[in-house]
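A short write-up of the structure that comes next.
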Amino acid sequence: MQWRALVLGLVLLRLGLHAVLWLVFGLGPSMGFYQRFPLSFGFQRLRGLDGSEPVGPPGGPAWLHRPRRGAEGRLETPPEPEPGPGSGPDTCGPAHWGYALGGRGCGPDEYERRYSGAFPPQLRAQMRDLARGMFVFGYDNYMAHAFPQDELNPIYCRGRGPDRGDPSNLNINDVLGNYSLTLVDALDTLAIMGNSSEFQKAVKLVINTVSFDKDSTVQVFEATIRVLGSLLSAHRIITDSRQPFGDMTIEDYDNELLYMAHDLAVRLLPAFENTKTGIPYPRVNLKTGVPPDSNNETCTAGAGSLLVEFGILSRLLGDSTFEWVARRAVKALWNLRSNNTGLLGNVVNIQTGHWVGKQSGLGAGLDSFYEYLLKSYILFGEKEDLEMFNAAYQSIQSYLRRGREACNEGEGDPPLYVNVNMFSGQLMNTWIDSLQAFFPGLQVLIGDVEDAICLHAFYYAIWKRYGALPERYNWQLQAPDVLFYPLRPELVESTYLLYQATKNPFYLHVGMDILQSLEKHTKVKCGYATLHHVIDKSKEDRMESFFLSETCKYLYLLFDEDNPVHKSGTRYMFTTEGHIISVDKRLRELPWKEFFSEDGERDQEEKFVHRSKSQELRIINSSSNCNRVPDERRYSLPLKSIYMRQIDQMVGLI
């Protein structure tokens, strides 16, 4: 016991000296939110972007430096100093995620005490009902106070549509197209929750009241993932002969949702015209096409994340047009990647192919591009999609990932993915954004579960500190750079997928924590509101449609173990907007293979728009699912308990 007392005394002495230095000499980070809400991830302070010297061991932390490759091609990190006194397997220091919140409860006994008792079935049912109630409260208030407008303003209980008075308000106008967005986006969530009567009512409302013949200028990406994707998902739910979610059939249904999806996609096609690279314009007017003053710059994710929805539509209709233009855009972006690093930038000029934004990362501007390379392969079985994804993932691991090779083994800092210059791989800034929290879920799909566990712990540690995930977090200053939280789903999605992969009750506790935080900090009179400031919890009067289509859905599925998604025997995949799609062998059929040959591409390029508008719809029956999808086995979620020791070392998060 004497050595423990000695170590404790030394720690207290060191903390006291730091406090004196801060107060007297003003050393350390600035006296901002960081001092009020200290959050240490065990990262030493870095060499600043201005070249200032770091505070810490010579050379800075290992993860600041790009991993080098050894003789066998394995990633290596620079050698770390020898561990000092007090280091050991039971010490919660910088090498472990247990250090994240000040090193509390670092031993396995603490983990066992809090989590080994699993998650009682009664508590799980309670959390499932709470997630359902959250969705119902938001949905019912939207229908009562906002429909047929696009979104609900939950504080003042009224609807929101496009900002006609300010066309430059892209934050609103890119998303809201005056087509009852929240209702459309929520369709498959109603089905997954088993509410057949409301699903049928909502589908009929969409068929009877929603039109895309509107003078609305919308972002091609947002209209595709939120509206087109939801229409296709709901159509497949209705026409599924097995009806796993209950009776979701619609009396006298005549493929109306599929026809609506086709109508919307045709209105988006002008974005792909008159572009020298094949990369689409970012926005179109649903009535008139590309605006005369349209921007020639677009983000990689916006232009390269259309293939899943456009591909599904093409294969259901037997019309190659939509998949062809989306795939051409992906290939054009892929061919512009750096020859040195294999990385892509985040903003490109669609006419010149010049990279306007040279930042390469996992967040805004790039996130769903990587996601859809893999998911396109899972759905369609095109090997080139998998080859592109594997190459991209290798570049990400080589240039974006910093820290030790293993998540919870060895010396050095825990892994982190940073933002770098696409050409040199050099660090560009010291922040990450909340959209990056999707990446652990993607890693689960490829079987890289250990790394997913580690990265998820980083984002959850931030959530634990603030009760929300700030839009941008500076890991050098250990404080938020952008303080709002618009009810995003990415951390919930990764939590759900990690639970499906490991069946570890830790992730049920994470989900419960997120649910309770949302109830406590975001619930208002008529729904759930965006947090304007994650520290003081002030709010903005907006509930984005993805809160119902994704956040509530993933929380519900996390706690609903017996949901048909998990029990029906059908393989499902979620789009980047959380819309559920059954992995069907019919989606792997490609009746127009010649169009993707070199000659076919030239021929298709000349007539893709005219062909789409003139060809009569030919609908392929999509009501049956296959029991086994070729080449799919590697990407199935492993439903067994694994990596228990890695989770065990994350105990300090609570």
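Heads up, the Cβ atoms here are built off N, Cα and C, so glycines get one too.
TrEMBL labels come from automatic prediction, so no person has curated them.
In the shown protein chains, 20 other C-beta atoms lie within 10 A of the C-beta of E222 (active site, proton donor). Residues or ranges marked as active site, proton donor in TrEMBL: E222 (among others).
Of all Cβ atoms in the protein chains displayed, 25 besides its own lie within 10 Å of the Cβ of D367 (active site). If you look up TrEMBL, you'll see D367 (among others) marked as active site.
The active site, proton donor annotation in TrEMBL covers E471 (among others). All protein chains shown were included, and the count of other CB atoms within 10 Å of the CB of E471 (active site, proton donor) stands at 21.
The Cβ of E490 (active site) lies under 8 Å from the Cβ of S434, L435, Q436, A437, F438, G441, L469, each on the same chain and at least six residues away in sequence. The feature active site is assigned by TrEMBL to E490 (among others).
Annotation source TrEMBL lists Ca(2+) binding site at T576. Of all Cβ atoms in the protein chains displayed, 25 besides its own lie within 10 Å of the Cβ of T576 (Ca(2+) binding site).
The annotation region 'Disordered' is assigned in TrEMBL to 52-93.
Across the structure, D367 (active site) and T576 (Ca(2+) binding site) are spaced 10 Å apart at their Cα atoms. In this structure the alpha carbons, written CA, of T576 (Ca(2+) binding site) and E222 (active site, proton donor) are 11 Å apart.
With respect to their backbone Cα atoms, E222 (active site, proton donor) and E471 (active site, proton donor) stand 19 Å from each other.
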